[in-house]
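Chemist: Just passing along the structure, written as structure tokens.
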Amino acid sequence: MSAHLQWMVVRNCSSFLIKRNKQTYSTEPNNLKARNSFRYNGLIHRKTVGVEPAADGKGVVVVIKRRSGQRKPATSYVRTTINKNARATLSSIRHMIRKNKYRPDLRMAAIRRASAILRSQKPVMVKRKRTRPTKSS
């Protein structure tokens, strides 16, 4: 079944839809922007890219759908864990998408998603308030 036909079926009635504040969002896997649109839908396309946080809380997992074996959902996804520094991680994602000519329209969205995940994994520095000495008159 073509992606366009699947989109016509899924776009208004899906268990992943969230309709709030005059906007429609989607919680489906491999939807990089969580937006209910044809381009970012993670279910209907033959090629999809997903970026998730790693299970141990360090690094990201890039999920790419295989072009072959579409009829076997259990083996149709390849999961690659990238646990490097931020610049190398983003460079790896960029190369995975660009060098394989794999959905170049999703390249920037995947990089932004990975960047946000890496930023959320950084430890937060607690700022201490400076105490002023009391004035003595």
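Every residue, even glycine, has its Cβ placed from backbone N, Cα and C.
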Chemist: If you check Swiss-Prot, which of LYS58, LYS101 turns up marked as SUMO2 cross-link?
Modeler: LYS58
Chemist: Work through the recorded sites one by one (LYS58, LYS65) and point out the residue whose CB has the fewest other CB atoms within 10 angstroms.
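Modeler: So among LYS58, LYS65, the recorded sites given, the one with the fewest Cβ atoms within 10 Å is LYS58.
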Chemist: Since the record lists SER2, SER115 as modified residues, which of them has the fewest other Cβ atoms within 10 Å of its Cβ?
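Modeler: With the modified residues SER2, SER115, fewest surrounding Cβ atoms within 10 Å: SER2.
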Chemist: List only the single closest residue to LYS65 (SUMO2 cross-link), chosen from the recorded positions SER2, LYS58, SER115 by CA-CA distance.
Modeler: SER2
Chemist: Can you tell me the three-state DSSP label for SER115 (phosphoserine)?
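Modeler: SER115 (phosphoserine) sits in a helix per DSSP.
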